[in-house]
Amino acid sequence: MTIALGKFTKDEKDLFDIMDDWLRRDRFVFVGWSGLLLFPCAYFALGGWFTGTTFVTSWYTHGLASSYLEGCNFLTAAVSTPANSLAHSLLLLWGPKAQGDFTRWCQLGGLWAFVALHGAFALIGFMLRQFELARSVQLRPYNAIAFSGPIAVFVSVFLIYPLGQSGWFFAPSFGVAAIFRFILFFQGFHNWTLNPFHMMGVAGVLGAALLCAIHGATVENTLFEDGDGANTFRAFNPTQAEETYSMVTANRFWSQIFGVAFSNKRWLHFFMLFVPVTGLWMSALGVVGLALNLRAYDFVSQEIRAAEDPEFETFYTKNILLNEGIRAWMAAQDQPHENLIFPEEVLPRGNAL
């Protein structure tokens, strides 16, 4: 019996092959199968955000002006979260809340749900785009893995946190000043800066910035001067076989500065990937914990002593009082429908008052 080995070839292309060629090969800018998710979702998310910040008020959900039409600027305009009474409703345009009325849908905060969900899928589509293109040109998938960090932060902050709370109302609104207010809310209600996951996130992001600065400066310091423009892009070309900078010289320099240095480019660049991505993932895990109302570090002994001794106060106890002030102010301001009224004696004051 004879067995013929060879590559199977089809005589004619089926619909899948035609679509595959159209999406991945027959164009200058790569679209890909991931583009079927990325481009529509990104278009709708950005379009919804521009529409909301330009025209839509937050009067009915937050009692605020939030659009350019009402006098806001780029820093104060926002697409605001739905009202607290709407809980976790998806706020579909054709759903029982809006009943197909576009104006009512906007007034209820439907654009926020629209932007958040389409934005999440757009980010996932962008990560899949990196996977798909890397596979097409036979690259490893570390770009996509790195981009999982921002996706984890977005999903945890905008989706998982409000799902753990009483409604979408407690998610951040999509705007600059709105995000700042959400950060203050996180500090006041969760003592976020004293959360170990936040500390790891800060270490990751700032550590990555430090690594990038050191790496860029070191490469610039150790360039081979083998052209008439060694300090510009003119001296080198993308296909050169030679190294652009001297790793040996860089290693000797940092060995003298710190006593230790990276001796391997692969380990160096993996570390530059590992630090920020791990920091972002730790932050995302911390926000998931906040969704479940897990607490940060508590130094109760200091709080008890500060309450008993008027002369004893630490930066920690001062921050706890500050958090109480944030809660007392924001609870009444952000939830006017609750009619929260705090008498003077419950408002926080330091030992100095």
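Cβ atoms here come from the backbone N, Cα and C positions, even for glycine.
Features as listed in Swiss-Prot:
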type	residues	note
MOD_RES	Thr2	N-acetylthreonine
MOD_RES	Thr2	phosphothreonine
TRANSMEM	41-61	transmembrane segment
BINDING	His118	chlorophyll a ChlzD2 binding site
TRANSMEM	125-141	transmembrane segment
BINDING	Gln130, Asn143	pheophytin a binding site
TRANSMEM	153-166	transmembrane segment
BINDING	His198	chlorophyll a PD2 binding site
TRANSMEM	208-228	transmembrane segment
BINDING	His215, His269	Fe cation binding site
BINDING	His215, Phe262	plastoquinone binding site
TRANSMEM	279-295	transmembrane segment
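Closest to the residue listed as 'chlorophyll a ChlzD2 binding site' by Cα-Cα distance, out of the binding-site residues Gln130, Asn143, His198, His215, Phe262, is Gln130. His118 (chlorophyll a ChlzD2 binding site) falls within a helical segment according to DSSP.
Ranked by CA distance from His269 (Fe cation binding site), the binding-site residues Gln130, Asn143, His198, Phe262 have Phe262 at the top as the closest.
When the Cα of Asn143 (pheophytin a binding site) is compared against those of the binding-site residues His198, His215, Phe262, the shortest separation belongs to His215. Taking the Cβ of Asn143 (pheophytin a binding site) as centre and 10 Å as the limit, one finds 15 other Cβ atoms among all the protein chains shown. If you compare Cα positions, His198 (chlorophyll a PD2 binding site) sits closest to His215 out of the binding-site residues Gln130, His215, Phe262. Only residues 6 or more beyond the boundaries of the transmembrane segment (153-166), in the same chain, are considered here, and those with a CB under 8 A from a CB of the stretch are 81, 84, 87-88, 116, 119-120, 123, 172, 280, 283-285, 287-288, 290-293.
In the three-state DSSP reading, Phe262 (plastoquinone binding site) counts as coil.
Within 10 Å of the C-beta atom of Gln130 (pheophytin a binding site) sit 20 other C-beta atoms, taking all shown protein chains into account.
Cα spacing between Gln130 (pheophytin a binding site) and Phe262 (plastoquinone binding site): 28 Å, rounded to the nearest whole number. Note: Phe262 (plastoquinone binding site) has non-local neighbours Asn251, Trp254, Leu268, Phe271, i.e. same-chain residues 6+ apart with C-beta under 8 A of its own C-beta.
His269 (Fe cation binding site) is surrounded by 14 other CB atoms, counting those within 10 A of its CB over all protein chains shown. With the fewest other Cβ atoms inside 10 Å of its Cβ, the least crowded of the binding-site residues His118, His198, His215 in this structure is His215.
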